[in-house]
Amino acid sequence: MDEAYLILHSTNYSNSIVLFGNKIVCEGCDFEKIATIHPNRNTTVIINTKYAYDLELRSEPSNLSSLCQITSYKFAEHGTYMFHVVEITSDVGACFIKQIGNPSNYWTPVIVGVIFVVLYIALTQLWHHRYRSQYYNYFLSNILHRQSKHIGQQTVNQSDEDTIRATAELPVTNSIHLPNPRKLPKRLRALDTFRGFSLMVMIFVNYGGLSGQVDVTDLKTLRILGVLARLASCYFFTALIVLLLDKKDNERDVSDSTDVKQTLRTELFNCIFQFWTQWLLVIIITTGWLLITFLLHVPNCPTGYLGPGGKHSHGRYWNCTGGAAGYIDRVVLGNSHLYNDPTCKEIYHTKVPYDPEGILGILTGTLLCYLGVQAGHIFIHCTRTSRICAYWILSGIICGSLGLILSHGGHSNSWIPINKNLWSLTFVLILASLAFFIVTILYLLVDVYRWFTGAPFLWLGMNSIVIYIAHGRFGTSFPVQFLDNNTHVEELAMHLYGSFFWSFVAGFMYYKKVFIAI
């Protein structure tokens with residue numbers, strides 16, 4: 001998979017020339033030698049098709065002057081290409097690439113996969129309505145049977161009932177009118193749906209990186225941190241903030257009525273400003289991340305370095321992967337307890353381990369978690385659906401705007417790049433922005449208008465931790481995975497099947513009313 005043939009052909013060069021290349025995702029990297037092109041002879045190389053390339057032709061490896069260049073060329077999988085080189089002068093050449101063999105149509109399985117997902121969601125909606133209708137008909141038939149069974153006795157006792165009703169209508173001395181009992185807050189099904197959607201995406205993506213299980217018996221190389229550890233840490237610190245600084249009597253009655261009007265000033269105070277002490281502490285935590293990231297001295301690395309190390313910046317900072325975040329993890333936890341195959345290793349050929357769920361990221365993760373708490377505050381204290389949606393959308397716009405400003409519109413050479421491995425501040429803000437928008441849409445579809453039941457994502461969201469742990473433990477075993485992924489078609493099929501499999505498990509637990517929470 002992810003390979004193509006590149007045939008190198010020199011038309012009129014009398015001497016050997018050298019082709020250099022660099023993946024465009026490898027920013028600030030030196031060009032590396034791909035192959036030597038000999039005169040009057042074709043040279044065939046296998047080239048990776050995951051990323052586009054910048055290609056450069058040189059007269060010899062030590063000579064940095066370029067004879068010709070091709071920028072941002074993307075090879076297609078299983079294609080065959082001819083790289084033609086023509087000498088114009090001793091210092092100038094012409095080169096171009098021509099496709100001579102048809103590549104595989106890798107978009108076809110993607111389109112088919114999307115169609116399968118849409119059909120699966122549609123079938124779950126039909127199943128849900130069918131399931132509910134069966135139970136509705138069952139209870140309705142029981143009620144009708146009971147009514148027909150007791151119709152005779154109801155006729156006999158009609159006169160007695162009239163007497164009792166007349167007596168009940170008489171005024172009672174010193175009687176007290178009791179208000180309707182307080183309705184319990186409803187569970188926000190849109191949030192469970194969103195959680196399940198996120199989990200299904202995680203499972204689908206993880207199948208590309210699951211290569212085996214961790215040997216927990218080898219404590220010397222046990223990875224201490226991880227996804228669940230990151231979630232637990234962020235939830236723990238966020239819960240402390242809320243429990244220690246929350247007011248006791250700040251919950252309202254969430255009922256079916258959403259027409260109770262509040263002034264804008266009162267609503268803003270109830271939703272945001274009354275929690276100013278919590279926001280102050282969260283801002284202090286975020287400031288702490290900024291100070292540590294940009295001011296902590298890391299030996300042999302520039303202060304405030306946020307790059308991947310390795311080949312980045314022309315190899316000047318090989319052991320600076322992750323900057324301050326990576327340095328703290330290596331000092332506190334040790335290299336043997338960190339993730340040894342970060343995503344940057346494939347591109348930048350890094351030498352030191354780096355854990356994307358490291359210690360420093362807990363600070364920005366806590367900010368993201370508290371933004372979720374703020375979404376809950378808005379839902380609880382706003383009394384109108386339109387206001388809830390408006391505040392969520394406004395929050396998404398604010399977070400997204402801050403993230404784009406700090407990252408210069410998503411550029412890596414910016415104040416704070418959007419970096420998932422670092423859990424940078426901009427990454428958290430952009431992620432929160434998307435979450436606000438998505439939960440608004442799901443809230444309208446699932447809870448307000450009820451055009452969408454939430455299934456199958458709702459099933460996963462109701463047992464998210466259990467499904468995630470089971471996926472991590474048994475995700476590569478039969479019957480979840482049983483094919484060697486030698487092509488993208490097989491790989492996509494297995495990834496979709498694995499995601500559907502765990503949604504089936506979650507659906508079975510949902511309809512059996514088995515919910516396991518921590």
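The backbone N, Cα and C atoms fix where each Cβ goes, glycine too.
Features reported for this protein in TrEMBL:
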- 106-123: transmembrane segment (TRANSMEM)
- 193-210: transmembrane segment (TRANSMEM)
- 222-245: transmembrane segment (TRANSMEM)
- 279-298: transmembrane segment (TRANSMEM)
- 358-379: transmembrane segment (TRANSMEM)
- 391-410: transmembrane segment (TRANSMEM)
- 422-445: transmembrane segment (TRANSMEM)
- 457-474: transmembrane segment (TRANSMEM)
- 494-511: transmembrane segment (TRANSMEM)
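As a quick check, the transmembrane segment (358-379) and the transmembrane segment (494-511) miss the bar of 3 or more Cβ pairs under 8 A, pairs 6 or more apart, so the two do not touch.
Remote same-chain residues near the transmembrane segment (494-511) are listed as 113, 116-117, 120, 124, 131, 196, 200, 203-204, 207-208, 455-456, 458-460, 462-463, 466-467, 470-471, 475, 479-483, 485 (criterion: CB distance under 8 Å, separation of at least six residues from the stretch ends).
The transmembrane segment (457-474) shares the most Cβ pairs under 8 Å with 193-210, out of the stretches 193-210, 391-410, 422-445. Here the transmembrane segment (422-445) sits apart from the transmembrane segment (222-245); fewer than 3 CB pairs are under 8 Å, leaving out pairs fewer than 6 apart in sequence.
With a cut-off of 8 Å between Cβ atoms, the residues of this chain six or more beyond the transmembrane segment (193-210) that come close are 435, 438-439, 442, 446, 452, 454, 456-462, 464, 467-468, 471-472, 475-476, 481, 491, 494-496, 498-499, 502-503, 506.
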